[in-house]
Amino acid sequence: MQRIKLIIAYDGTNFCGWQLQPKLRTVQGDLEKAITRITGTTVRVHGSGRTDSGVHALGQVAHFDVDSCFASVKWQRALNSLLPDDVTILDAQLVSPEFHSRYSAIRKTYTYTLWLENSFFLPWRRHYVWKCGPLDFCALDQGMQYFLGEHDFSSFQNTGTEIKSTVRTIHEFKRYPGQTEQEMILEVCGSGFLKQMVRNMVGCLVRIGRGKAEPETVRSLLQMKDRTAAPATAPAQGLCMAGVYYGETGCGGTADTGRNQAQNCGINRED
């Protein structure tokens, strides 16, 4: 058997998330159908993480196992010839059998795009930004700093997934200009993320940026470990899985895989 690693970009607008669901269109489902057409057998695809309905990806990583008789297949070209226009393979490579797209990951990066203008809105950006209006950048920056480090993120986890621990480490949280003058991108890098954790953090930060909560609210919520006390979840459409880091482990992964491959393909990370 051979293990193939994929780096995938997709527009999540018309998908019911990543994970396979009966009678619903998902990214995993489309990938498995395409691979099955090539191999003639059912193949299970394993992703680095589950994105929700409407969430996009520039650096989702997945792997699957196939018989060695398919060693000559050019997987990137073959899959892209079968996949619909809203999902594409940025890279495909043979990796060690020890590599696992989820369990080998050291850290992940997500971006969230905000629309800061109230007076007008570009309709074609509606599936990729949250129209939140003007924000106090100073308060926003202060709020982001409280997320850094190792914390119990129970207050920022939505229910629905069984996990062993709610403790995660945030390595970096920053902001920078987006695709247009009216957009701003929040980028967060962490050891891993709980269910809808990034969207919950963004929802809290926007509330702070609007002046409806103090930056110190983040610290208080982390200490409370109570999801019901935290602000509402940010909409799905602004979120993008930007990349997954596997380190120089010999398992077939390097830093920010999605970002690197997207740049090689001429795709800007802020798209």
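Numbers here mean position along the shown chain, with the first residue as 1.
Glycine is treated like the rest: Cβ placed from N, Cα and C.
Feature annotations, courtesy of Swiss-Prot:
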type	residues	note
ACT_SITE	Asp52	active site, nucleophile
BINDING	Tyr110	substrate binding site
Helix, strand or coil: which one is Asp52 (active site, nucleophile) in, per DSSP? coil
What does the structure give for the C-alpha distance between Tyr110 (substrate binding site) and Asp52 (active site, nucleophile)? Integer Å is fine. 13
